[in-house]
Structure formats: structure tokens, C-alpha cells
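Asker: Before anything else, here's the structure in question.
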Amino acid sequence: MEFEEDFSGRKDKNFLKMGRKSKKEKKEKKPVVSVFTMFRYAGWLDRLYMLVGTLAAIIHGVALPLMMLVFGDMTDSFASVGNIPTNATNNATQVNASDIFGKLEEEMTTYAYYYTGIGAGVLIVAYIQVSFWCLAAGRQIHKIRQKFFHAIMNQEIGWFDVHDVGELNTRLTDDVSKINEGIGDKIGMFFQAMATFFGGFIIGFTRGWKLTLVILAISPVLGLSAGIWAKILSSFTDKELQAYAKAGAVAEEVLAAIRTVIAFGGQKKELERYNNNLEEAKRLGIKKAITANISMGAAFLLIYASYALAFWYGTSLVISKEYSIGQVLTVFFAVLIGAFSIGQASPNIEAFANARGAAYEIFNIIDNKPSIDSFSKNGYKPDNIKGNLEFKNIHFSYPSRKDVQILKGLNLKVQSGQTVALVGNSGCGKSTTVQLLQRLYDPTEGVVSIDGQDIRTINVRYLREIIGVVSQEPVLFATTIAENIRYGRENVTMDEIEKAVKEANAYDFIMKLPHKFDTLVGERGAQLSGGQKQRIAIARALVRNPKILLLDEATSALDTESEAVVQAALDKAREGRTTIVIAHRLSTVRNADIIAGFDGGVIVEQGNHEELMREKGIYFKLVMTQTAGNEIELGNEVGESKNEIDNLDMSSKDSASSLIRRRSTRRSIRGPHDQDRKLSTKEALDEDVPPISFWRILKLNSSEWPYFVVGIFCAIVNGALQPAFSIIFSKVVGVFTRNTDDETKRHDSNLFSLLFLILGVISFITFFLQGFTFGKAGEILTKRLRYMVFKSMLRQDVSWFDNPKNTTGALTTRLANDAGQVKGATGARLAVITQNIANLGTGIIISLIYGWQLTLLLLAIVPIIAIAGVVEMKMLSGQALKDKKELEGSGKIATEAIENFRTVVSLTREQKFENMYAQSLQIPYRNALKKAHVFGITFSFTQAMMYFSYAACFRFGAYLVARELMTFENVLLVFSAIVFGAMAVGQVSSFAPDYAKAKVSASHIIMIIEKVPSIDSYSTGGLKPNTLEGNVKFNEVVFNYPTRPDIPVLQGLNLEVKKGQTLALVGSSGCGKSTVVQLLERFYDPMAGTVFLDGKEVNQLNVQWLRAHLGIVSQEPILFDCSIAENIAYGDNSRVVSQDEIERAAKEANIHQFIESLPDKYNTRVGDKGTQLSGGQKQRIAIARALVRQPHILLLDEATSALDTESEKVVQEALDKAREGRTCIVIAHRLSTIQNADLIVVIQNGKVKEHGTHQQLLAQKGIYFSMVSVQAGAKR
């Protein structure tokens, strides 16, 4: 008995303190929720479950003290016999003795029945206790998950600006499972422990109050010490979690931006950033281990001291004939078990306390009522919206940057059915205006009205439903094309979808895809080209049949051909709708009814194209800038001959992925989502994780062997203390079963009491050392594993990240949970195992010496208990894997919704995501309920076995004593040594769930750590030539993306660029242009053919060396959430970049002045993924970043496509400056930007179709010529 308590005695005995004080104290030490609030989501059935479970737990708890009553009476029966055989001198007494022995056996049979009866009761109530509490918890957690997700979906955009997306995902997974841990069977165990406590004390007082009071005198000391430790511990737990949360955020950001990290060789830097955050968590963890173990050691010292005192006093009472020895034992054990049970309660209290902490954050978010409530039913829903819009004196600044005023008194009127174009420089408030109209934010002052009605009085959802939005970077969800369009409006029919798709000019390309409307678009739509995504987004907006259409640079990121098609679709869509267009390319807005010029947060001029050209204001300036430099660039808009388009669509399939890939660069960051949710869960379940042995896990910790040696030694000593206790205990009782004089009794009992005290001192020392050494080793291991896993993740090649199983969400979850779970299976757990083995081992050896017959009987029983434990472990381990997998599925849905929250909101699809999330929780929920029963059955069986073994043991013991084969003293010794030992083994089985999880986690970890990618970013092999001239050659290169092996991208591409030349790649969207850049960066290797650099094959070159000479600027640059200076310095991670260099690069990229104008200059943080900057600003920072590398080869992947005229002009100048003296490969949609390239190559269907200079190609009158004329035509 005593052992099982003592391990948990760890955080010990604080119960009394906590129960009473918790409310008061916790209030000051924010933030936890009150005890009853924890159960705010319990329905009546849950309450019933909890009630019945609690009753069962209380009955179960009383069983142990009751057994002590039986035990005491039984000891008296033995003792009365024990005093006889010594007088057995003659035959007469001999006969008399056999009567007595006969009577003893009879009595023992009765006691055996009592024991069995108690056991049978326990079998039933223990099952009810565990399964009912687990059921209640499973049901509540299911509700909490849904409520929490609902609450997140219900928040307004401003809330997301200030909350970290990664953190929300962690809360959804980790914090909710913490609540789960805290409100399930642990509470049942707590009530059980409390019942044992009260039961024990009641029996103690009724059977012998004097002794009880003496034992009680020591309890407050125990309670106090424990209470203090518990407080200290919980504060460490919080700090540790915070410390890891930071590291987790770093990991999420890095994995999301993995392409950027790889291209800039930032792995080392990121590893360091991650590692520094881990260091903090490790330090706190070690402190926590020390604290926990001092408290445990102290508790043991006090416990043994109380034994010493109790036995010393108890013997005095027996000698003075006040109590019988049986009474002393009953009182002693009942009170002791009672006191210990508080120790047992403590881990449960700790779990509950952790749960309260986790619930605080979660319930807070659930209770946070947004000021713009998208679920609200209130608000006016006009029957007929004409679409007259008015912005009156609008002032606004973003909640995350209140000091920066964006709009400063904006006034604008739009008549129903008009098209208004907003033009102006990047960052002047155009997009903000559109966001205010959708009520993603409310203005700080001023009114936005529709048909004269303040939009704040209109129902939010209704308002957003009458608005269709197409933005610059459309977000598609990881499902089919049809489903994506359905996100526009829920009850839309297939006919309506087809109609919308035709209007959006997307029907033809969809019908050419192998699965047509059921084609999966991939994470963030990664399998489609930009033009295709954009058209699907338009179809999605049209299917809503909106009264108001908002086009936020809907065509800026497209190439000429796609743009022509998309623009045509938009023009069709605008008919009869009030439309607000934001465009950088002014050609797209010439035919708007009103053009409004923005400057400095207000509208400075409005009128149509002709009027504004006469006014010669901002618009005029913008137009002139565009026409001067970019003759043709406007062209992108106009239609192409039908057959060209089909052609384009065919090819765009080929490399659908390529363009995408580029986009996904930035996108993937925002959307750790899987290819297809259905697939994710299924596949994940079949995932073959090689099983792994315990030793393999320990090996991970091998470098901490000195800690282990000390720890294991202490654990062995600790284990041996238990049998030592049994010996002393049986000797004490033995003193009274022998017929000796009082003086000898007094002397013996004093000696044994002293020995108890010595045991205490030893245990204090060994517990502390054991805990400290294993705790430290465990923390070092956790840190090392997280580091190794992260390091290994960063080492993988890009195709590994393309794999739907390795989305950002899935990987960050791995990092967060796996290492912690492995720690669970090493250090402290190993200590418990060693301790228990030592305990049973010494116990068995001693028992065999003192009474082999009884030992053998007991050893027959013990395995049954052990087997039950093993079965329990097996059942749970299968469960562990399934649990994890199933929740990953719902995690993906959640991450997708949270990451793309703006899109979800503007499509008013919060409800849809909630339903999907709820759907994905069904299976884990059903399994939780199933598990409750399994857990209940195994638990009750192991518990009840103990009582049955008591019955068998003492009945057989009586038989042996009667035959004079053993003395009662030895029966006790053998019994306590073996039974306590066995309980200790039960303890090992009780940690089954953790171990099962740890094995699964460890296999994952080892799988990741040992995975060597085909393109190894860390490899030191390969050539590192001293000079690099920059001659690039592609020879018959064949390639397709690993995730879509059936779609060829490059089909025998030949290209050559001489050093210092600028090569421009043009072609329709998805023809393989970006792929060229990715192959040169060695994100992928070609399937056939070779890429040469200065005549050497790139796969012969050292990867790091190769990438160090390439500078890349892509269409949607990814910035990290740190300062501008740090973002620029990221360009060269191989050295420390000085502030001068940073500024020089910034000047070259034309962004220095802008940075200097910011309040914090170069130390301004750019926000998550650079959200605090406009596109043009981000782009220039990205260019500065590429220049800091001083690359020999510059890769520009549509670096200016997403910019407005003014930014573009500036950026283009920066790029022209940057190209000087470098080999440069440019991918451009706007042909004006590449007229002066040394070589222009037209790619179609993955092959080169034409090449030459601008003039030569125009003379050929081929594909290039027609592209140029399309663009120029648009211009005129």
C-alpha cells in the first residue's frame, strides 16, 4: 500500500491546503479559472456521470481503511496464538494447542471471506469510478473543442492582428488536452483518495484516539511542506510553457517560410534562434525537477520519522495494556493510509491545476465577445440593396499599429451600379477602404453607409454576403475546385457553379483537368497556376451573386495571357453591380465611371479618365510614369484568340504547379494545410512508423550517463528501502507475539523505532539525488530532441515539405509534443522502473529466505496483477497512435481556417469550417468514449486483485502457522515485502499511457532525425570552385513535381546564359518558368538532363556554396517577424552583416528613405509575414535582402508584378541597378520590363519555342510578337 502512495507523494499532501485556500490564493496569482467554471460545459448527463462516478470513487476509497480493521482483528488472533507455543512443554498443552490452531484456521477463513467481499465490491465501483469520469471528460472536451473553435471563428480581424496564429493552434491542441488530463479519471482518483483519507481517520479515532492524535501531530508539518512546494512547482510549469511557446512560434514561422530559409541558407541562424528559446525552457525544467524532488525527499523523511514516533508510542500503549497489538496496527495503518492518500491526491490536483491554467486562456477567448460579431443575428437585413455606397469623413488606424493613421478623413460616394477605381501609391489606404466596407474593421471615426444606412446597423453576415471580394492573392482551400466555389455560397447548385465558372472564363481549363470539378487544388491552391486560381476566386465571388464587387488588384499577379482572360471575366462580372476596383495598372481602370486618387489617407481628386488627365494631378502623374517606362505593360489585360487560350490552359496544367510553387512560397506559410482533408486522416493512420525499443529511446540520452549512473544507484537504494521497511515492521509486531518480559519489549521497540528514522534520512538523500539527476537528464534530452528534429526538418529538401503529410501544422505539432513525450519515457520513468525492480527483487529474495512456501503462493498471484497491467498498457498504446492521428486531421482544418481567416470571414464561411471541424472530431470523440470503458475494466481488475491476494495469503499463512512451518512475524514480513513490491510494479503499469505515447513519438522523432534528403542542405561534399563566372546552361532538362508525377512540367528544356547577361523567360502561366529558377536553386533535381553552372553539373557542386551565389527575389516575398534590418541581413547568413551594408543595400533597393521615415527606422518590426508593410515596401526589402548576398547570379521571379505604378518604377530601377555586372534570370509577365534583356526566351509546354533579343523576336512575328501586341493593344 505504502509504496503506491509514496511515489505520488511527490507533490504531496498539499491537498488540504489547496482545497481550502486555492480560491483565495489563486485569485491573486492570476490566471486560472475557478473550480466550478472548469465544468461549465457539463450537460445534465455529464453531471450525472460525474455524480455517480464520485459516489463510486468514495465507496472505493473507503475499502482500504475497512480492510485495515479486518487486518487488526486478524493480527490479534495470531498474537493470541503466538504467546502459547513457548509454554508447550507437555502433551496436555500440545492438545490444547491444536484446538487453538484449529480455532485460528476457522477465524482466518472468516477473515478471508471478508477480504474477498471487499474485493468484489471494489471490482464494481472502481470500474464505475474510472469509466464514468472518463466519459464525462470526453463529452465535455468535445464541447470545449467546438466552442473554442467557434470562438476563434467568431473573433474579428483586429483580434487576429494582435494574436499569434501559431499560438492559437497550440491552444487548440495542447491546452485542450491539458484540460482533458485534468477533468477526467484524475478527479475520480482524487475523490477516492479523499474518501480513503476520511475513512482512515474515522477508523483511527474510533479504534484508538490517543495513538491517532500522536500520529496526527506530525501531519500538519507534512501538509505545510507539501503546500509550499506545490505553489513553487506550478509557477515553474507556467514559465516553462511560455518558454516553449516562444520556441514553437519560431519553428512555425520558419517551417512556413521554408523555401526562403533554404534559398538564403538561413538554417543555422534559425536553429540558433530556436535553440535559444529552448535553453530557457530547459533551465526552468531543471529547476522544477530539483524543487519537486526536494519536496518528495522531505516528505519521506517526515513519513519515516512519524513511523518511528508512532511505533515507539504504540509499544508503550501495548505494554501498559491499554491497546492490543492489533488495535495499534489498525490505527496506525488506517491513519497512515489516510495520510498517504492525500499524497496520492496531489498529482491529480496538479493535473487539475494545470487544466485550470489552460482553461483560463481558452475560456477567455471563448468569452471574448468581438465588437463586430459575424455570428450575430441582430442588425437590419434590407430586402433590396441598390448598392449606393458612401464613406463619410473616415479616420482609421489598424489596431495593431494605433499610432499610424492610415485614413485621415476619407470622403467618397459611389452610385449604384457604378465602377469606382481607387488609385494611388502603395500603402495609401486603398485596401483599407475595401476592408472597412466589409466591416472587417470599424473606422475610428466617420460612417460607412450602404443605401444611406450606416453599415454598423446592418447584420454583419448579411452585409458580407452581398459583397463579393477578389483579392490580389486569392486563398483557395485544400479541397476540390467545386468545393472551393461552394465556399462562395452554401446552397449553390452544380448548374450555378458551372454558370459562375463560365462567367469567370474558367470553364474550359477546368474541363481539361483529369478530374474536372473534383480536382484537388492542394494546400492554398498550390496545384493551380496564378491565373487559374484567380479565375476560381472570381467564380467563387460571382456565385454569391453579390450586389457589390470589390476587386483588390485582382489581376496584378498574372501574366499577359491569363490577365487578358481574367480581366475579360471581371468586366463581365462588373455589369450591373456596384464595383470598387483597386489597381496598380491604370490601363485596367480607364473605363471606370469614377477614378479616385488617394494620397496620404484622403482622396485628393476624383473624376473619369479624361477629367483627371486634364487636371494633371496624381492620376496624371501615375499614368505618365506608366506610359513612359512601361509602354506595353498595361497590356496584360486583353483577350487572346480562343485557341491561344486553350493552348495556355493545356500548358498551364503542365506546370500548374510551377507558378504555384512560387506563390506557395509565401502562401504555404499561411496555410499549413493538407492536400485533402479526407486523405490526411486516412493516410496518417496507415502511416508505417517503425516500432522502436526502449533501449533505442534511452540511447538518445546516452551522453548524460553520469547522471544516469547516480540516478540509477539512488533508485536501487530507494527500491531496497521498501523491503527494509518490511523487515523492521514485522520485527516490531514480532516483539509482541513473543512471550518476553516488558523490559525486553521496551528495549526492542526503541531500537526498531530508531531504525525507522535512519531509513527516513537515507530516503531524503536518495530521492533528491535521483530526482535531480533524472530530471536534468530528461530536460537535456527534450531540448536535444527538439533541436535535432528541427535541425533535421530544416535539412530536408523542398519536395519533402511539398508532401501533404508534412504541412507546417503537422510539423509544429510534432515538435511541440513528441520530445516532451519521449522525456516521459526516459529519465523519471526509468527511475521508477529501476526503483520498482529493485524493490521487488530484494523483496523476493528476503521473502524466500524467511518463508518460501508463502512466497511461492504470493508469487503465483503477483504475475496476475502484472499481466493485467501489461494488457492495460497494450490496449492504451494502440489507442495513443490513433488519438494522435485523428486529432491531426481536425488540427489541419483548424489551422487552415485560422491561417486564412480573412478569406473565411469575407466569404462568411465561418459556419462551414465549424461544421467541418465538428465532423473531424467525431471519430476521436467516439474513441474517447470507448477508451473510458477499457480503462475502467483494467483499472478495477488491478485494484481488486490486491484484496483477493490478501485473502489467499493470510488464509494460507494461518495454515502454515498452525503447522508451525512459519511464525506470524515472518508471515507479515513476507506478505509486506511481496505485496508492497507488487504494488510498486503496479505503479509501473500505471505509467503505461505515457510510455505508449512516448514510443510512438520516439519512432516519429527517429524517423525524422535519420531521414537523409536527396538534396542535403547540410552536406559538406561537392565542389566549391574558387571563382564563379555565372554561365548557366540547361541541357535537355525533364522535370515534374514529385507531388504531381503525372503532370510533366519541363520536357527537354535547353537554355544558356553567358556571364553578365540578362536572360528573360516569358510564356503563359504555368509553362515552367519558375521551375527553371527552382532547379537552379536546387530545390529539386531534374528527372533527366542536366543543369550546368560554369560547365559543372549543379548536383556536383556543394549545395550551400551554390545557393550562396544566387540571390532570389520572388513575386510574393516572405519576410520574417523581426526588424527590417534583420530581414535585410538575412540575405547573407554566413557572416554578420554590418549596418552600413544593410543601409547600402536598402539604398540600392530604393527603400532607405522609406525606412528612415518610420518611427523606429531600421528597428521597425515588419509583423507576422510582413503584414505591417505594403507590397511594394516588402518587395524592396526583399531586393535589399538579395543584394546583401552580393550574388553572382540574380533570379527575379516576377519581382514587380504585384506592385503599383510608383512602387514598380522605383523597384524596377532598383532591379536594373542590381543587374549590372551579374548574370540575371528574369521571369516577367509585363514585357516592357524585359525589353532590354540580352536574351529573351519563350517557353511553351516545357520547351523553348523562340529565343533572341526583343527586336529579333518582334521580327519573327511569332508567339512573343503576339504577346507584345496584345499588351500594347491594351495600352492604346
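Each residue, glycine too, has its Cβ placed from N, Cα and C.
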Asker: Tell me if Gly102 and Trp209 end up on the same side of the membrane in Swiss-Prot.
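Answerer: Swiss-Prot topology: Gly102, Trp209 on one side of the membrane.
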Asker: So one of Asn96, Asn701 should carry the feature N-linked glycosylation site according to Swiss-Prot; which one?
Answerer: Asn96
Asker: Given the candidates Asn91, Asn806, specify the residue that Swiss-Prot annotates with N-linked glycosylation site.
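Answerer: In Swiss-Prot, Asn91 carries the N-linked glycosylation site label; others show none in the record.
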Asker: Do you know which of Asn87, Asn491 is annotated N-linked glycosylation site by Swiss-Prot?
Answerer: Asn87
Asker: How about long-range neighbours of the topological domain 'Extracellular' (955-970): same chain, 6 or more residues beyond its ends, C-beta under 8 Å?
Answerer: 75, 78-79, 81-82, 85, 101-102, 104-105, 107-109, 111-112, 730-731, 733-734, 737, 850-851, 853-854, 857
Asker: Under 8 Å between C-beta atoms and at least six residues away from its ends: which parts of the chain pack against the topological domain 'Extracellular' (730-753)?
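Answerer: Residues 75, 78-79, 82-83, 86-87, 307-309, 311-312, 315-316, 318-319, 325, 329, 967-970, 972-973, 976 contact the topological domain 'Extracellular' (730-753) from elsewhere in the chain.
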Asker: Kindly report the helix/strand/coil residue split of the topological domain 'Extracellular' (206-212) according to DSSP, in that order.
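Answerer: Reading the DSSP string over the topological domain 'Extracellular' (206-212) gives 6 helix, 0 strand, 1 coil.
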Asker: Given Gly427 (ATP 1 binding site) and Asn96 (N-linked glycosylation site), what distance in Å do their CA atoms have, once rounded to a whole number?
Answerer: 108
Asker: Out of Gly424, Cys428, Lys430, Ser431, which of these binding-site residues is nearest Asn96 (N-linked glycosylation site) by C-alpha distance?
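Answerer: So, of the listed binding-site residues, the one sitting closest to Asn96 (N-linked glycosylation site) is Ser431.
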Asker: Can you tell me how the residues of the topological domain 'Extracellular' (955-970) break down into helix, strand and coil by DSSP?
Answerer: 11 helix, 0 strand, 5 coil
Asker: Sort out for me which one of Asn96, Asn425 has the most neighbouring CB atoms within 10 A, since those are the recorded positions we care about.
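Answerer: Result of the Cβ crowding comparison: Asn425.
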